[in-house]
């Protein structure tokens, strides 16, 4: 999976880590695309950067995205507001790998204050190199979520009283 286009968005808390990840991705043969912040501003707000990165990722099939902030939590939530986005909070190599393999996540959120640069880069590498498994059981679940996103009708709860 070399040569991936990877859209990145970060607020001030993820700004420096984003710069490190961009350089790492370039050195690894990928094409990082910076969606901001473009300078360090302690008063910036993460939603614009994360929504932009997620919007561009969803609009570019086959691409991936990474959103960064202090914890990655709010950034992941913001990215998931974009219709069609599947953004997982990746706090380990295993969660990054499973996000791709089981959930076909196009984006991950990483906490810039939660990891060393070396740890974050191993998480990024796991994410960009792990393929989607295409397993039917995982696809069914993704389809259920996509249908809910489209219709806003919750799926029936198995075993629930009608």
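Positions of Cβ are set from backbone N, Cα and C atoms, glycine also.
Per Swiss-Prot, the features are:
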BINDING   11, 12, 70, 71, 72, 73, 74, 103, 113, 137, 141  D-ribulose 5-phosphate binding site
ACT_SITE  75  active site, proton acceptor
ACT_SITE  102  active site, proton donor
Determine the Cβ neighbour count for residue 74 (D-ribulose 5-phosphate binding site): the number of other Cβ atoms within 10 Å of its Cβ.
19
Using a 10 Å cut-off on Cβ-Cβ distances across all protein chains shown, tell me which of the recorded positions (11, 75) has the largest neighbour count.
75
Cα-Cα distance, maximum over 11, 12, 70, 71, 72, 73, 74, 103, 113, 137, 141, record's D-ribulose 5-phosphate binders, Å:
39
Listed binding-site residues (70, 72), ranked by Cβ neighbours within 10 Å, top entry:
72
Any idea what the Cα distance is from residue 72 (D-ribulose 5-phosphate binding site) over to the residue listed as 'active site, proton donor', rounded to a whole Å?
20
Determine, from DSSP, whether residue 113 (D-ribulose 5-phosphate binding site) sits in helix, strand or coil.
coil
The residue listed as 'active site, proton acceptor' versus recorded positions 11, 102, 113, 141 - nearest by Cα
11
For the residue listed as 'active site, proton donor', what is the tally of other C-beta atoms lying within 10 angstroms of its C-beta?
17
Return the residues near residue 141 (D-ribulose 5-phosphate binding site), defined as same-chain residues 6+ apart in sequence whose C-beta is under 8 angstroms from its C-beta, sorted by sequence, else 'none'.
103
Cα of residue 113 (D-ribulose 5-phosphate binding site) to Cα of the residue listed as 'active site, proton donor', in Å and rounded, measures 26
From 11, 70, 74 (binding-site residues), the ones whose CA sits within 10 A of the residue listed as 'active site, proton donor' are none
What does DSSP say about residue 72 (D-ribulose 5-phosphate binding site): helix, strand or coil?
coil
Give the number of CB atoms, excluding that of residue 113 (D-ribulose 5-phosphate binding site) itself, located within 10 Å of its CB.
12
